[in-house]
Each structure stands twice: as C-alpha cells, then as structure tokens.
Amino acid sequence: MCSPFLILFLSSLIFSATAEASHCSSTGLPLVRKISELPQDNYGRAGLSHITVAGSFSHGMREVEVWLQTFSPGSHTPIHRHSCEEVFVVLKGSGTLYIASSSHEYPGKPQEFSIFSNSTFHIPVNDVHQVWNTNEHEDLQMLVIISRPPVKVFIYKDWFMPHTAAKLKFPYYWDEECLQAPIKDEL
C-alpha cells in the first residue's frame, strides 16, 4: 500500500506537468485528453464553436489535423476552397452541403446535398464548398479531418466570383496564436 506522502508527491508531479502544458504546446499534455477540456473558440465567427482535437501546433502533427466544429442553427462556413482534402463526419444535427467543381473560371451554381447525423462526406482539393446548418432547432456538430496543414484558403463573396478574385488566406491556422517557425521536413 502506498503511503499518503507518496500519493501526494505523485499527484503533485502529475498536476505540475499538466499545469505546464499550454494549448500551444504538446509538452506536458497527456496522450489521452477529454474533448470537453480542450480549448474552444469561435474565432470571430458567430454561431461557431471550434476545437482543434489534434493539430500541427497543439500536437506537433505535420500531415493531418482533426477538428470538432459545432454550428448553431442558421450558421455556416464562408464559400471557400482550399489546398487540402477534407473529410467530415456528421455527429449530430443536419444541414446542407453546397459544392461546385473548381474547373471553370468561377464556381457557378453549386450542387446541393443534405447532410445528417451519422453521415460522412469528403471535399476534394480546390472544390469550392460551403456547409450550412439549415436545421432551425438543433446544432450541427461535425468531426473534420484535413490533410497537409497549413492550407491555402480562398474565400469567395458569392458563387459567381472569379477564382482569380477570391481572397487568399495563407497560411490558415485556427490556432494562429500558437504560430511558430515551421519544422523542416525530411525532404
């Protein structure tokens, strides 16, 4: 049986290691974490709650990021495209995906798809898209996986804006306050 002193000592070591961890560093973070304890923000977007579950800043990842995003009724992403593949898993709620191929001078009229709890969809590189929570009574919550962070994001005012006029945001990071010098790749 452990002495109370030993238990207190070990507890203080665990607490101090966790206290030293920031959401900008993987140092001191436990391997297994509660999602409800991860930092979340709306990043200036009304109706959005974003949590980086695993990402380039928080966890030192280079090839993939995982987000948990919750959209309140009526909220949506901007019309945009990016230089990465994206996979969505709809955890709860329902909404609408709008997507247009990037093969023309402008996106044009998008295709419209219903999305719903327990559905999944993917967005190919550079396809212009937008996700809306069109459910008036329930949040839309999705797990989002992107490849190759940081991504180049091009934002459109409408579906008929020329690709050349889209506003570029690069590099695009949700957790920009954690930005550090890039790690050299082995190539």
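Just so you know, glycine gets a Cβ as well, placed from its N, Cα and C.
What TrEMBL annotates here:
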type: SIGNAL; residues: 1-21; note: signal peptide
type: DISULFID; residues: C24-C178; note: disulfide bond
type: BINDING; residues: H80, H82, E86, H129; note: Zn(2+) binding site
type: CARBOHYD; residues: N118; note: N-linked glycosylation site
Output field, Zn(2+) shell: CB within 8 Å of site CB centroid, site H80, H82, E86, H129 dropped: T77, R81, C84, I123, D127, V128, V153
Pairwise CA distance, H82 (Zn(2+) binding site) versus the residue listed as 'N-linked glycosylation site', rounded so that it is a whole Å: 25
Cβ neighbour count (within 10 Å, all chains shown) around H80 (Zn(2+) binding site): 18
Between H80 (Zn(2+) binding site) and N118 (N-linked glycosylation site), the C-alpha gap once rounded to whole angstrom: 24
For the residue listed as 'N-linked glycosylation site', the number of other Cβ atoms found within 10 Å of its own Cβ: 8
Distant-in-sequence Cβ neighbours of H129 (Zn(2+) binding site), under 8 Å, six or more positions away: T77, I79, H80, R81, L97, Y98, I99, A100, P110, I123
